[in-house]
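What TrEMBL lists as compositional bias 'Basic and acidic residues' is 470-483. Per TrEMBL, the feature domain 'Potassium channel tetramerisation-type BTB' maps to 25-124. Per TrEMBL, domain 'Ion transport' is recorded for 189-424. According to TrEMBL, the region 'Disordered' annotation covers 460-483. Sequence annotations record features per position, and here TrEMBL assigns transmembrane segment to 186-207, 329-349, 394-415.
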Amino acid sequence: REEVEDRLPVSPSRVLVSPTKHLTLNINVGGTVYLLPYRLAVRYPKTRIGRLATYTDHSKKLDLCDDYVVQSNEFFFDRDPKVFHNIFNFYRTGVLSIQEELCPHNFLEEIHYWGVRIKYTHRCCRISFEERQDELNEQLKVQRELLAELELEENDSMFDHMTLGSTRRKIWNLMEKPFSSITAKLMGVASSFFVLVSLVAMTLNTVEEMQFKPSGRFYGEGVETSCIAFFTLEYLLRLASTPDLRCFVQSVLNTVDLIAILPHYLQMLLECFEDRDVHHHSGDIETVARVGKVGQVLRIMRLMRIFRILKLARHSTGLRAFGFTLRQCYQQVGCLLLFITMGIFMFSAMVHSVEHDVYNTNFTSVPHAWWWAAVSISTVGYGDMVPETNLGRLFAFGCISFGIILNGMPISVLYNKFSDYYAKLKSHEYAMVTRARGKVRFIKRAAKRIAECCCREKQTDVTENPGEPEPDRPEPGWKNWEN
């Protein structure tokens, strides 16, 4: 009974009169005093309490604690007593218990300070703790990346020590904060409008009736040039007004903006070289071949214009949340692509092995069967290639069933993460809108108060000068004040 009482927390008054003081460690953690027998502490000599019990040098003991009370031989630690209660029970029972209400990061920090390892917990408790820790780490990672993307929007103080700081701040707010003013909102609408116009012009240029004028130029070339000029001006204004060039270059949205305008200028440069080679070496066969390769590069450059649609992500919360979801779930997406690739290789080889001897078959080789396996796993099934043997049809049924199961696996994970990220982005956007409206309302209230003060001063002047005619329609507040 005395041994059990020595292990329980007691008040400082009992510590001073404890008859077993020379056999126990008096430990004060955050104001709560614990009595721990030496025989229990020395069982774990690598822990902080174990070293406190095994060291004979008093100076080394003082290095382990925050303070020492000579009168009661008490070692003081300025730590959380709630967590140390689990540490104290660990020395008594040999098992480290974990409370559900404790923060995983705080708990790991505390047990690291006391030198106790997480392996001393029961397996069931450790699995639950690691799940909560992984969930918390994922939330903190998402929060850090969201804050990193929105850091430039929030940190206006960086403009104070910059050249032309006030002007650059106005330009930055105009380009990056659409809710800061009506002009900034119109700028965002104009940017989205030009993106849509450029996409429509690019699409119509592929129509044969609208491709060429009598002069040989595209109908939509002027429209596309105007859109590129606007995108270039937009990018240069952002680049000139950014408070942090490194973050600006690393931003995904700014990279998308650069990709949207870069193909146009590369295309112009290649066309200049192509026209020069044709003009100077019109009969040279090598030059003709080189011009043909340049034409292929130009087609690729024209294809890259489709990336302009990604510029809408700057003004669309849903697109930003979708891109953020893909970046965060790259492991799940990678596993999905790996399973799809495995299924394509496996089922294409199986179907080819039973179909290649069939007369006039389309499964002439395994690479030819890849297309069939891909459309079957995706459950599209164009029908351009179908197995004819019974065993081949059985393999096709297995391929389709595998695709149905595979396509349903990542939906719940991606949807839950997308909903979470979308809600976080919308909450930040709502906070910015509320803050901007608060500033506008404050300005309006201040202007209204100034107008009321001016009106009262004018009415006071009329009262002091009775010779001047009174206003025809005095305000109700003036009548009440006069009465």
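Keep in mind that glycine also has a Cβ here, set from the backbone N, Cα and C atoms.
TrEMBL annotations: computationally assigned, not manually curated.
With helix defined as DSSP H, G or I and strand as E or B, the domain 'Potassium channel tetramerisation-type BTB' (25-124) counts 47 helix, 18 strand, 35 coil. Residues 174-175, 178, 218-220, 223-224, 226-228, 230-231, 234, 305-306, 308-309, 311-312, 314-315 of the same chain lie 6 or more positions beyond the ends of the transmembrane segment (186-207) yet place their CB under 8 Å from a CB of it. For the domain 'Ion transport' (189-424), the predicted model reports an average pLDDT of 81.
Here the transmembrane segment (394-415) has Cβ contacts under 8 Å with residues 325, 329, 332-333, 336, 339-340, 343, 347, 350-351, 354, 373, 376-379, 381, 386-387 of the same chain, all six or more residues outside its ends.
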